[in-house]
Amino acid sequence: MAESISSFWGPVTSTKECCEMNYAYSSYIAEFCNTISNIPTILLALIGLINALRQRFEKRFSVLHVSNMTLAIGSMLYHATLQRVQQQSDETPMVWEVLLYMYILYSPDWHYRSTMPIFLFVYGALFAAAHSVFHFGFGFKVHYIILILLCIPRMYKYYIYTQDASAKRLAKLFIVTFVFGSLFGFCDRVFCKEISSWPINPQGHALWHVFMGFNSYFANTFLMFCRAQQREWSPKVLHLMGVPYVKIEKPKSQ
C-alpha cells in the first residue's frame, strides 16, 4: 500500500508490499506492524541458542537459531524500508534457512557426509548471487515451496519414529502455527482491498511473522529432541514459563 508520505528511505523500490499503510506511525519505519512483529522470532531464537550453547548441542543447532535471528532481522530491515536491496536481505536468508533445515534433516543418513554441506553451501551462494542480479519474483516463491516440500517427508519420518508424547506435541504445534500463519498471510495478500475498508486492519502479515516465529522455534526444538535421541542423550521436553525446551543428559564418555 504505497502512500505519498514523506519518508526517510525515499520512494518504495521493493517489488512487493503488504496490506499495511506505509509510514503511518513514523517516517523511519515504512510498515510498522510488519517490522516489530519479527521481535518474537528473535527472542525465541535467542532462547533456543542459549539452550543449545549451554547444553553443548551440536553446532548445527546454534547455527540454525542464529539463522532464524538473521532472517528476522533481514525481514525487519525490509519492512522498515521497503527498498529492493533490503528485500534481498529478507528473501535470501529464507532460502539459506531451508537449506540448513535440509542438512539437519537428511545428514544423519547421508553416506557422503562431507559432500552435503559443501553442496548446500555452494547452492546457497549461487542462489544469492543469481537472486541479487535477476530479482526472482514468482520463481522465488516456486523455488522456496519446492525446498519446503523436500523437507516434509523427512519431518514426517521423524514424527512417526518419535514415541515421546511431549515431542509429538511440538510437531503438532509446528503444524498448527504454520497453518494459522499461512492463513493470515494469505488473507492479507489476497483480500487487501476489502481489509483496507475495515475500521481496524488485523495486520495479517504481521500475524504471519508471529506465528512463523513460534513455528520455527517448535521445529527447532523438535529436531533437537530427535537428534538427541539419535545420540542417546536421554532428551526430555521441559517448560520454562510455558516455553518448551529440550533437556539432555549426555553419557560421561561424551
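Including glycine, each Cβ sits where the backbone N, Cα and C put it.
Those TrEMBL annotations? Automatic predictions, nothing curated.
Here's what TrEMBL has on this protein:
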BINDING   Glu20, Asn22, Glu31  Ca(2+) binding site
TRANSMEM  29-50  transmembrane segment
BINDING   His79, His205, His209  Zn(2+) binding site
TRANSMEM  118-138  transmembrane segment
TRANSMEM  173-191  transmembrane segment
TRANSMEM  206-226  transmembrane segment
Would you say the transmembrane segment (29-50) and the transmembrane segment (206-226) are in contact under the rule of three or more C-beta pairs closer than 8 Å, pairs 6 or more apart in sequence? yes
Within its own chain, what residues at least 6 apart in sequence put their Cβ under 8 Å from the Cβ of His79 (Zn(2+) binding site), listed in sequence order? Cys18, Ile29, Ala30, Glu31, Asn34, Thr35, Asn38, Asp90
What whole-number Å value do you get for the CA-CA distance of Asn22 (Ca(2+) binding site) and His205 (Zn(2+) binding site)? 14
Under 8 Å by Cβ from His209 (Zn(2+) binding site), counting only residues of that chain that are 6 or more apart: Asn34, Ser37, Asn38, Pro40, Thr41, Ala72, Ser75
Using a 10 Å radius around its CB, how many other CB atoms surround Glu31 (Ca(2+) binding site)? 27
Measure from the CA atom of Glu20 (Ca(2+) binding site) to the CA atom of His205 (Zn(2+) binding site) and give the result in Å, rounded to a whole number. 9
